[in-house]
Structure formats: C-alpha cells, structure tokens
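Novice: The following block contains the structure, expressed as structure tokens.
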Amino acid sequence: MLTARASFSRFLKTNLENMLLLSLLFLTFLFSLCQAEDVKGYIPGKGYGPVFEEQPADTIYPIESTDAKISMNCRARGSPPAVYKWTYNGWEIDLTKSNDHYSIIGGNLVINSPEKSRDEGKYQCIAKNVFGNVVSKEATLKFGYLDTFSTEERQIVNYKEGQGAALICDPPDHYPDDLIYRWIFDEFPNFIKMDERMFVSQTTGNLYISKVEVADKGNYSCFVTSPSISKSVFSKYISLTPMAERSVKKYPADIKVKFRELYAFVGQNASLECFALGNPVPEIRWRKVDAPLPSNYEITMSGAVFNIYNVQLEDEGLYECEALNMKGKDLHQARIYVEAFPSWAEHINDTQRDIDSDMSWSCVATGKPKPTIRWLKNGVAYGTGEMKFYKLTLYDAGMYQCIAENRHGSIYANAELKVLASAPDFEMNPVKKKILGAKGGRVVIECKPKAAPKPKFSWSKDTELLHNNSRILIWADGSLEILNVTKLDEGKYTCFAENDRGKANSTGSLSVTDATKITLAPSNSIVNVGQNATMQCYASHDPTLDLTFIWSVNSHIIDFDKESEHYERNLMSESSGKLLIKTAQLWHAGRYTCTAQTIVDNSTASADLVVSGPPGPPGGVRVEEIKDNSVKLSWSRGADNHNPISRYVIESRNMLSEEWKVAKTTPSVIEGNMEFANVSYLIPWMEYEFRVFAVNTLGIGEPSVPSPKVKTLEAAPTVAPSHIGGGGGSNRELTITWMPVPREYHFGSNFGYIVAFKPHGDKEWRKVMVASPDARRYVHKDSTITPSTEFQVKVKAYNNKGEGPYSLTAAIFSAQDAPTEAPLRVNIQTLTSSEAVINWLPVSQQSVDGYQIRYWRTQDTEAAAQLVQVTSQENSTRLENLLPDSHYRLEVRAYNSAGYGPPSIQYDIYTRKAPPSRPPKIISKYIVGSHVSIKWEHVEPLANESKVESYKVLYRQQGQLGGTLYSTGKHFIDIPLHKDGDYIVEVRAHSAGGDGAVAQVRIEGPRGGTACVTPATTTSLLLLVVIAIRCLEL
C-alpha cells in the first residue's frame, strides 16, 4: 500500500513539473509574438536582431574649434529597425527633448556646445529591437589643444667651430602627444633640411648639430605642428653664434639622442632615434644584439632613425646604435618589447538551434598579453569563458556579444541565437511530387519538413504502412531508401512527421523506368605519340528519357568546349558516345571512363589508354672519377614511355659557353641498358656540367636535370702563343708582342708566359717569365742594346703543371735612337689674323717618323702649348684658328718611336689684326643693258681691325658654292647679267687680316623677259621698296 502511494506521488510530481515547464515556454513564446506584433511592418519569423554597420570611434575635439558640436556615429541594420540609446561613462544619457545638450539623429549622438569638464569620457551606443540588444565598442572623447610658446626671450648660445650643439625646443602644453617638430632658420618658411650633420628629434623637438660651422650663424625657432587639431605654433628665436677657431679641434662621437625602452604593437610601425655630436661628423650604425636585423626595416635621416615597418613578435629584442668617427665611438642600447592588440582566431556567428537541443559557443582570441573573454546577452553581462547551453529554451534566444580584451584594447563579436519551436511543416519543402527510379536500381525519397524539435518519421505506400526490411530503410533524417527497384514499387508514397507541437504529411508518386546499361564498353588501347586514339561507348536506356555521355580521364571530367583541341565526341547516334583523342601526347595516357547518364540513373565503363613516346628524362646524373680530360658519368634510368630505350646521348657545356654540345664518350654508342659512361676529350682545368638524353625508336626524350658543376684536373699547356712580333719602342728597349692563349687552353692555375730572345747570330737564349694570363707584350730595357739590332724571339705558356711548347721564332728589331738633330731654317709666314704657314729644313737622320710643332701665346704658360704633328715626308704645315693681333712662340722637333729629338730655337709669330667685322653696305644695284651695276659704301675698320686693302666680289649661281671671283679697289663693280637662273653676288672687304663680313645681293633670272635685283642681306627697308617699284615698272 505504501509502495503504491509513493509511486503515485512521484508520477503526480513529474507530470506537474512538465506541465509547469510547458506553460512557461508557451507564455514566453506568446510574449515574444506580442512584442513583435507591436512593431509596425514587422512580419513574425522573418526578422533579425541589430547588426552594427558603423560604431563610434575615438574622437579628439579641438578646444578652439568654431564648430560647436560633436557627432558620435552609430548605425545598425535590423528587422524590425533598431532603436538607439547611448551611455556616458556607463550611465545612460537622457535623450529627451528637454535636454538640449544632446540630440540623436538616426543613431548618431550629437553633443551641442561641448565642454571638456562635462563631456570628456567614454561613450557607447546601444542598438535594440524585439530580438535583443547589442552594445558598441567604447569610444573615447578627448579635447585637443596646443598652447603657445612662452613669450620670454631665448638666450643667445655660443659654440666653438667644430663643437656639437643642442638647441632646446621645450614645446608648450598640448594634447595629444603626436607633435611634428621642425626648425625655422632666420625667417619663415625657411625650414632646416636635416642631413648627417643636423637632426631634429621627433621625441623632444630639440635641434642637434653634430659639429658647428661658421655658416650656422643665425636665428633659430622651433616650429611645432599638431596634426590632430591642425594647429601650429613657433617659439621665440634662439641666436646661435659660432666662434671661429684657428685650428678646428676634433671631437669623439658622443651620442646625445638616445632611444628609450619602447613598447611596439604588432602590425604597427616603430621608430628609434640615435644621433651623436662629434667632429668629424660621426657615422651611425645599427644592429640587433644577438640576432639579425628585421627584414622589414629601413634606416632614414642619414642613419639617425631606424624604422621597423609592420612590427611582428619576432622583432622584440635588444637594439644597439653605434656612433663612430676617427676620434672615437659611443654605444647605446635599449630594448623593444612587442605586444599585440586582441585579434580573433575564432568567433561566434548567427546561429539557429531547435528547442531542447544542446549547443556550445566559443571565442578564441590572440594577443599579448593573452586576452580574456567575457560575454554579453542583450547588452548585459552573461559570464566568461566558453558558453554552453543544455536543452535550449525560448528564453535563451537573443543577441550575444563576445568581448576579448587586454590592457591595449578590446574587440567585439556579435551574433544572434534563434531558438526554433514549431510543428512539422512541409510548405517550404514538400516531398517531391514525381519521383523516377530505374529498374534494379536504388531510390531515395527525401522527407525534410521544417520542425522543431526534430520530429519522428513514418512512411506509407498507397494505404500500406512501411517498415524497415532488406529492401526498404527509413533514415534518421526521414528519407526513404528503396533497393533493387521493381515495377511493383510504383505508387504513392507518403511521409508522416510528428513532434510535441503537431504533425504533418506530404505525398509523392514513384515511377519505375528501364535501367541504363552500357552495351559496348571502351577497350584498352595503345597508340604512339602523335597518333589519334578512339574509345568506343554504346548504351541502352529508357526511351522516355534523354541519354547523355560523360567522359573523364583519371577522374578529370573532359570539357569538350574548352578541350576541343585534344578531344572530340561523336554525336551522330543517340546511343553512341564514342571519344576521339586527337594527336595523342604522353599526358593523354590514363584511365578513361565513359558514363551513360539519364536523370534517373547512370552506367559506367572504363579502359586504359597507353601512349608510347620518346623516353622521359634520366635522373640522378652524377660525376665520378674526375681526371684532366675525362670524367665518369652515371645516371638512373628514366621512364621508357612504353617503348624500349635503345641508347643514351650525353651533352656537356663549360663555363665559357651557354651552348650544350654532344660529348665524346667511351663507348661511343651508349646502349639502352647502360647507366654509366666515360666522357673524354674534355679541356683540363675547366668547369663543366653534363646532361643525359634517352633515345628510343620514337625519338629523343627530354634531357635530364644538369649534373652538379665540376672542374677537370689541371694539365701542362699544349698550345703556344701566336702572332709573335714586336720592335720599336723607346731608346734602348726591345718590345716583344704576342696573341694571348685563350682561356680554354690555360689548362691550369698560375698561368703565364716565358719569353725567350737573343740577338741574331747568338747561341744563348735569354728567358723572362711574365706572370699574367692576359699579358700580350713584354718590354726589355737594357742600356747596352744597340739601336735597330735584329733579335730572334719566341714565347711559350706555363702553369702549375709545367710548360707548353714554344711558338715559332720571329725576327724583330730593337728600338731605334731618338733623333739627335733639331730642325733648322724654320720659316714662318703669317697669312691672316688666324693663319700662318711654317716650313723647315728636314734633319739628316733617316730614323725619323715625323715632326712635332709646338706653339703658344706669350701671355699663356708654355704648358698650354698646342701641338701639330706631320709625317717625315712633310716639312711644312699650316697653323689655323690663331687669335688675331697676338704674339705666339713656336718650336719644331723631330720624333720617332724612341722619343722626341731636341727642339729648334723658338721663333716668334705675330698675327695680324682681325678683318673688318662689318659687311659692306650696298647703296645701289640696277641693271644696265647686259650688266648689273652694284655700289657699296666703303667699310671703315674698327681700331682693332685691319685696314681695308680691296674688295672681293663672288658671283655665283644660287645653290652653288663656287663661282667667279672678282677683286677691285673701287666701291662699285659691273658684272655681266646671266640669263640661266638666279644668281647671288657676295661682297666683302679684304685686308691683311683676311676677308671681312659678307653682304649679299640676289639677281633673279628673267621673269617675262625682265630681270630683277633683290638684296639678300644688309639692305635697308627703303631700298627694298625702291627696287620693288623698279621691278614693277619694268
């Protein structure tokens, strides 16, 4: 009796708990629906919670701004649309109309007439709708300012020349601390340009001069700019007076700008400053102690600034700058610590879950220090760490925010959790109305209603309830699977779904078609490279369905549009899918699969295509047994590509050529079963690399990867120098020349030449070593050598391994003596103001190659003398381009290959005054019968010009350089009139200094029986008019 009562009590308690839970869920659900219906335009089940599109950002408001408002922006999308509220330092802001200090436009908070004491702080935006609330990240509002410099006069500073100097900026109070410093020199905007001697610290603003120079004297002002508030101020001028020193002292490097211990952040940039005083100007060097410098660094400002871009954690460490000059050095070290803002490695996303299901959410963030994780639900704190839900209820739905934060900042991840609770519903996804299945095949009929929690499923065929058996299986997701389908399986199939909120069903019809079968399958095939290959494929199928053939090779489906160059499909018959592989290549080989497919089923068959072709490249080429002119080569066999390898070919190239050449081998024919051979006839002491080709009946294959480079051993030279010659040179010298031996014939290191020579008729050879591989001449100096003596010479090469053969013997002559006589009877004739002719009596010695004439103006130094050389067959020359009215000195000497002989005595040349610089002024020109009469004014020379002696008149046809030259002492001339075209008359004054400037007159040929005279130059405008009138009258 007691047992029955206890059992009844437990039963009653359990049922009451379940009823209370269901009631609570139902009321919560109804409450959410009521809230949703109150929002205009909101359709239940179609909306979503607020998602931020713009969040407030940290703001700096200039205290001196004329814009008396600040806007903190916030915008979120949502359905229904979000409404907004704001907090200031954690307290909700009163946004009622009675508070005119704040207003809200959209989601933006506008602060009117902002004040630092009242408004500076932290702001957050809250966006909400019926699905929940989200809180923006915190934004800080600060008030920026930059005061003016003190009005007190700055003291004059004096520094010795060569000393270092520091001018103190002492910036005024300001916020934020992002100032840019520059210095004005004497007047605005003459800013100092920083270089290795001058540096402006962007940390303190001070100006440093490593060594003061006299040119630094002047007035200096510190110019400070705050980019955050767009304001600049400058200090009173500091007067710098360098004190000159007789002997400027040298000072050792002394670091005055020292970078401090620094905290840098991943992804940002960091700069270190280091500058030293000293004379000479110190050089700045940077290094990272016990590690290489970062790959992303740059040194600027002549070495004074070390920049690290996109800082990474591995950039942390101890950094050092060293300043040094000839007097000494100085060191400074400080550490960079690298930390990181929080960054998401994994965060939450919008999620939907069925009621009563379990779920876990996690957020993972990286950063240094490691960030902590906390949660908000609808803007309210909701725990830390990983979020886990057991048996979700409607109350768990809402807007969740995961916040990762460390001391450097915080990041937010937002997501909406929707808890679904509904009876089964097939409206959006009913069972397919018509289902096709192939006879003997497999059919899966899907059943996927919308339902939460997950429903229980059952199926019926027509009026028969189905159960799992060997052919029929109801899956966990509700799908029905039928195996080995027959015509008897045709009929109507209904899926029933039921959960604690209701039930529903949906019906579809199954029709059974004939199975698709391949009746002629592709067969294995072998083709040679370049041939076509065919794969057969025929299939039978249900006549009510369309049949499609799909081909694949090695699981790659062939795209016949994109790969039409290689593949073609026969579409002549519906039941045929024959494949043509065009001009087969090695890469066409593989397993080809034909798939005959309808919308109901498919059938596949495969075959292998083998493509025979030239062999693949051999592998692992190794060089062994290296000698002076041969090596042993070994390799591993490559792919024969289905055709036996018949032989191998070896190629080589050396360091002197990029061209590969077929190498000579032992054996000369390398059989296909061999994997080594000797390469012979190589050049000693030469760097080589080798490659190997395999050959079969279908051709030569690709080359192997070249072997590692090797150098053959050394050997004695075998090639002698060529083109032995020489002779000439300076007095008491024997010059021997040859063509150097090319590099490929050096055969070893320490290559050089042995030069042997002896006087003709002597028996003993004298030998000299020339230790240069590029040498091509040797000059033997000996005071006992008689001039023009015949010598026999020969040359051979040598190296570390020995000597080579001598060249053929050549006969040459020693240098002749330099001339010992000076030219006599030098005669000088001045022609014009710029030309003179010189001649002399040749010297009697036969060994003369030519003569050198040196001349210079007396007012210049002899070192500025100009030179003219002529051959020994000439004993005169013309000097040109002399300066007018000048006094020159001149001397002549003979020379040959041995040198110059003694100079003649020095002679004087006096050039004449320059010719008249003004052209004759044509005063009249007219035609008289068959003559042209031209008159001009007499040319009066200037004081520094030669007197006019006569006039030269050149009468030439237009376009020709030559013509008839007349000379006259008068101021006019009559010249015959030619009738065969236009002519030019050139008139110039002639003097002892040469011909003066030219005046031109153009005489036009007959025009309609009349000739005209036209001035070409130096004709007045009035004269042109008179001539034109005369031509018209004629």
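For all residues, glycine too, the Cβ spot is worked out from N, Cα and C.
Keep in mind that this is a model prediction, so the values were computed, not measured.
Marked as domain 'Ig-like' by TrEMBL: 50-142, 161-239, 252-337, 342-418, 424-511, 516-612. For 617-715, 720-818, 822-914, the entry in TrEMBL reads domain 'Fibronectin type-III'. According to TrEMBL, the feature signal peptide maps to 1-36.
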Novice: Could you check whether the domain 'Ig-like' (50-142) packs against the domain 'Ig-like' (342-418) - three or more CB pairs closer than 8 Å, residues at least 6 apart in sequence?
Specialist: yes
Novice: If I count Cβ-Cβ pairs under 8 A between the domain 'Ig-like' (252-337) and each of 161-239, 617-715, 720-818, which range comes out on top?
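Specialist: Looking at each of 161-239, 617-715, 720-818 in turn, the most contacts to the domain 'Ig-like' (252-337) are made by 161-239.
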Novice: When the domain 'Fibronectin type-III' (822-914) is classified with DSSP, how many of its residues are helical, how many are strand and how many are coil?
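Specialist: Reading the DSSP string over the domain 'Fibronectin type-III' (822-914) gives 3 helix, 48 strand, 42 coil.
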Novice: Please count the residues of the domain 'Fibronectin type-III' (617-715) that DSSP assigns to helix (H, G, I), strand (E, B) and coil.
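Specialist: Helix (H, G, I), strand (E, B), coil: 0 helix, 46 strand, 53 coil.
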Novice: Which whole-number mean pLDDT does the model give the domain 'Ig-like' (252-337)?
Specialist: 93
